[in-house]
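K.L.:
For reference, the structure I am asking about is given below.
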Amino acid sequence: MAENADLVEWPKKDKRRFLHVVYRVGDLDRTIQFYTECFGMKVLRKRDVPEEKYSNAFLGFGPETSNFVVELTYNYGVSSYDIGTGFGHFAISTQDVSKMVEAVRAKGGNVTREPGPVKGGGSVIAFVKDPDGYTFELIQRGPTPEPLCQVMLRVGDLDRAVKFMEKALGMRLLRRIERPEYNTIGMMGYAEEYESIVLELTYNYGVTEYTKGNAYAQIAIGTDDVYKSAEVVKIVNQELGGKITREAGPLPGLGTKIVSFLDPDGWKQVLVDNEDFLKELE
């Protein structure tokens, strides 16, 4: 029992951080061009794996050693995906939303909400879609170390989802936003909201299930001990739901230790060994 109690405390003591979000695109070069020219991201690394028939590109606003980045996956011959109803958006903070919106428009992007103040607040925001139909919220803010600032996913039970992220992943509930007319939002993360990436969990009243599609894949999070972290996830899975989809251990070929699992809403998360991850970047 004491061992279990010690395990349950582990996620809060662990050195956790968001590493990257993985999703699939129909044309890697097209997406890279859009993200670099419209959003100002940089290509950090690329890899092609012909024997598995896929390519990856990692893009972001800073080095992978410190920043959250996107990992784009292109599967040979697959030009489009179903985003589903559960995935919400990514968010980018910028000092000039209007300028970014104009860049998106000039490159043929889809502006779904023109720049303007958020309802009931002072922040200026806009919404745009990339060439694959992924939504990006653009938020006007001062300079920040992490411009790639949100991943929004919809959940069927906010209290359960928050509890899972706290217990299994060691996140903190940074802010809860109640919008009585339509939804409640929980902002989850490892550091303050304006300094780092947050996971925005949205519960729309009365909606308990969403389609996952086949476009969005997973979020990767760093840990100092994959095996210990996996044991905690198993305990929390029993309590709240979800399941391990890949037992803790090294990836063939790479040697990086990971564990992957589904949360109670069916969203996939992957915990990655911090040291192994840094070796991958060398």
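Glycine residues also receive a Cβ, built from the backbone N, Cα and C atoms like all the rest.
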K.L.:
Taking E114, E137, E146 as the options, which does Swiss-Prot list with H20, E71, H89 at the Zn(2+) site?
P.N.:
E137
K.L.:
Write down the one residue from R16, R17, R24, R141 that Swiss-Prot lists together with N75, H89, L254, G255 as binding substrate.
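P.N.:
Swiss-Prot lists N75, H89, L254, G255 binding substrate, and from R16, R17, R24, R141 it also lists R24.
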K.L.:
Check the domain 'VOC 2' (147-274) for me and report the mean pLDDT.
P.N.:
97
K.L.:
In terms of Cα spacing, which of the binding-site residues E71, H89, E137 are within 10 angstroms of R24 (substrate binding site)?
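P.N.:
For R24 (substrate binding site), the binding-site residues whose Cα atoms are within 10 Å come to E71.
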K.L.:
Tally every other Cβ atom lying within 10 Å of the Cβ atom of E137 (Zn(2+) binding site).
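P.N.:
Result for E137 (Zn(2+) binding site): 22 neighbouring Cβ atoms inside 10 Å.
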